[in-house]
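First the structure, in the form of structure tokens, and then the observations on it.
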Amino acid sequence: MTELNRRHLLAAAAIGAGAGALPFRSARAQAANTIRIGVMNDQSGPYRDIGGPNGVTMAQIAAQEFGNRGFNVEVIGADHQNKPDVGANLARQWYDQGVDVILDVPTSSVGLAVNQVAREKNKVYINVGAATADLTGPQCSPVTAHWVYDTYMLAKSTGGAMVRAGGKRWFFITADYAFGHALERDTTNFVRAAGGSVAGSVRYPFPATTDFSSFLLQAQASRAEVIGLCNAGQDTINSIKQAAEFGLTRRGVKIAALLMFIADVHALGLEQGQGLVMTESFYWDLNDRTRAFSRRVQPRLNQRAMPNMVTAGNYSATLHYLKAVADMGAAAAKGPGVEVMNRMKAMPVEDEAFGRGTLRQDGRMMIPSYLFEVKKPSESTGPWDYLKLLQTTPADEAWRPLSEGGCPLVRS
Amino acid sequence: MASETTVGAMPAGVHESHGVWGFTKAQLTALVLLVAFLAIGPFFLYPVFLMKLLCFALFACAFNLLIGYVGLLSFGHAAYFGMGGYIAGHAAKVWGLTPELAIVAGAIVAGFQGWVFGWIAIRRQGIYFAMITLALAQMIYFLCVQAPFTGGEDGIQAIPRGSLFGSISLSNDMAMYWFVAAVFLFGFLMIHRIIHSPYGQVLKAIRENEPRATSLGYRTDDYKLVAFILSATLAGVAGATKSLVFGIATLTDVHWSMSGEVVLMTLVGGLGTVFGPVVGAAVIVTMQNYLAEMGAWVTVIQGGIFVTVVLAFRRGIVGEIANVFRVKL
């Protein structure tokens, strides 16, 4: 390297540093009547397709459709990289710098971390993307709502229904960490309660397992009728693909993906996904309202994806939050989060995506859950026509009863 | 290895002249600037961001003590940083210790860990040393994934900041900031003192030529082990402080990529300079913070900066500045 080159580099670095310093100076104008919504999710990792940029877009669509009712709405998005410390740090910064509500936050560990910050700052937090039922259980908070699904609801719907449909003998393949253990425990309870049995289970090291063949062979050797996958994202897709390669599904073994989204089915394809059973609280092709809603928003989403449970949940949650803000006034809504959340709980939830719902005392949103089976390629009429409805669990039966969650808010 | 580590340590022709407390004039100027920045920084910048920066700066300084002054490249420093955080978090949350005692607990455990790991690792040099430290750190990572007290992938959440000495509440960000700044300065000055003590001179002798130090009668293994323990302890202090600031201790801090990040900070700032790691940590943390919207590109930019520094400015930012002005920083 000659001196000259180094000077060039130095000059380039100086310009870069100058550009980097700009965000420091752009002091954010904080109008008193601007409501700021922060959508925090995975924008670059394994859960990107579940929420990601489309999750932010759906919140924006909701804000636009809501219109201006005396206050402006600004939606911002950020990537939490699935790291609890990044999420907690970002949440702290957002709340300190005038964000009024944090939305989405998939990945249970990050969801719980943001929950702590929201409680400390007394600001509204609506979790849409995370699975853990602890958010409305032991860790429930007066400023938190949990919108579309949780581990209890998944286990109850998928576990119970599959046993009733004849899948008595289960084998679990479980990601060896807290989320996987919780899902396995909950599902085991429902399988046993419905008269089924568990032939065995295997825990695989998480993360960094990509080869599931030995676990699938163990499952096959146990002569289980159902293989329960207590994992998520890419792990689920890999296990299903490999189960298809081993011919397990063709031989009549049912796979219960306990946490799966339509985006995963899209990635997997019907050829390998067919016959899978999964639970969701939203499907675009459920009824006239969901169809109209989904066709309306689809053109605005990345890769023209149909909205899924989580992105539709972001829409629904944003809309309900804004209704509460309009009801109490933007100035009051910028105050303590507890009062905004109490107002949200007092108002009925009503939108095209989920129909009618109520927000329970512990923050649980009460909507029906649906059990789906992935269609055969021959049954599908086109892109995104992937699921057929097997069973509906009404809102009052789908979720963990209020008294069993151990939420401290309920006793008071 | 030996020729690698001498880069940036001491520009030729510079004589060591010790002024106040072993600081040279240039170092004293830099220290005054640093303290001034610490004093006025929180009034212009977001205090939580500054606290994060200080925790990483202390971590990088602790790491630099080993690589910059003993020539040992530890690739497992995340183990001490992360474990310090977990222990402090557990102590503050479950045992209800005050923040300063929680940090001490984290530091003691990290130091003990450094003693055991150092005792194993210092038997080898160069790449073997790095690999042994990495392997041991991976064991700690696995332990943290599985041990019940760490909370697995949830981490330890809702760690209270508590009250300093049981009386001064740290829940206010500014109060916490002054506490973190004090911890950082304490650690920073301690490292400076270690480097400029007779013991530090022996460390530098070992770095330059270990067989010669041995032939002069020094038990080099003992010296290296003590340096390793000191470095691990201070990394533990940094990790413990970080977990109190954010109220959370997670797997991110024990992951091997954290060990890599601290190498990056130290190299960018300037290996074997007292102020280099502080500047390096500031550059990397600022980038991560303000470029976060660019997502995965942050890592690419970091990689680019790393390559540029290694190819063109091998002494690091502070090392190059010191070289231009022919001073020791």
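Cβ coordinates come from backbone N, Cα and C, glycine included.
Quick look at what TrEMBL annotates:
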{"type": "TRANSMEM", "residues": "B:26-46", "note": "transmembrane segment"}
{"type": "TRANSMEM", "residues": "B:53-81", "note": "transmembrane segment"}
{"type": "TRANSMEM", "residues": "B:101-120", "note": "transmembrane segment"}
{"type": "TRANSMEM", "residues": "B:127-149", "note": "transmembrane segment"}
{"type": "TRANSMEM", "residues": "B:175-195", "note": "transmembrane segment"}
{"type": "TRANSMEM", "residues": "B:225-250", "note": "transmembrane segment"}
{"type": "TRANSMEM", "residues": "B:262-287", "note": "transmembrane segment"}
{"type": "TRANSMEM", "residues": "B:294-313", "note": "transmembrane segment"}
Counting Cβ pairs under 8 Å that are 6 or more apart in sequence, does the total for the transmembrane segment (B:53-81) and the transmembrane segment (B:262-287) reach three or more?
yes
Under a Cβ pair cut-off of under 8 Å, which of the recorded stretches B:26-46, B:175-195, B:262-287, B:294-313 contacts the transmembrane segment (B:225-250) most often?
B:175-195
Return yes if the transmembrane segment (B:26-46) and the transmembrane segment (B:294-313) have at least 3 CB pairs under 8 Å (sequence gap of 6 or more), otherwise no.
no
Sequence-distant contacts of the transmembrane segment (B:294-313), meaning Cβ under 8 Å and at least 6 residues beyond its ends, amount to 264, 267-268, 283-284, 287-288, 319-320
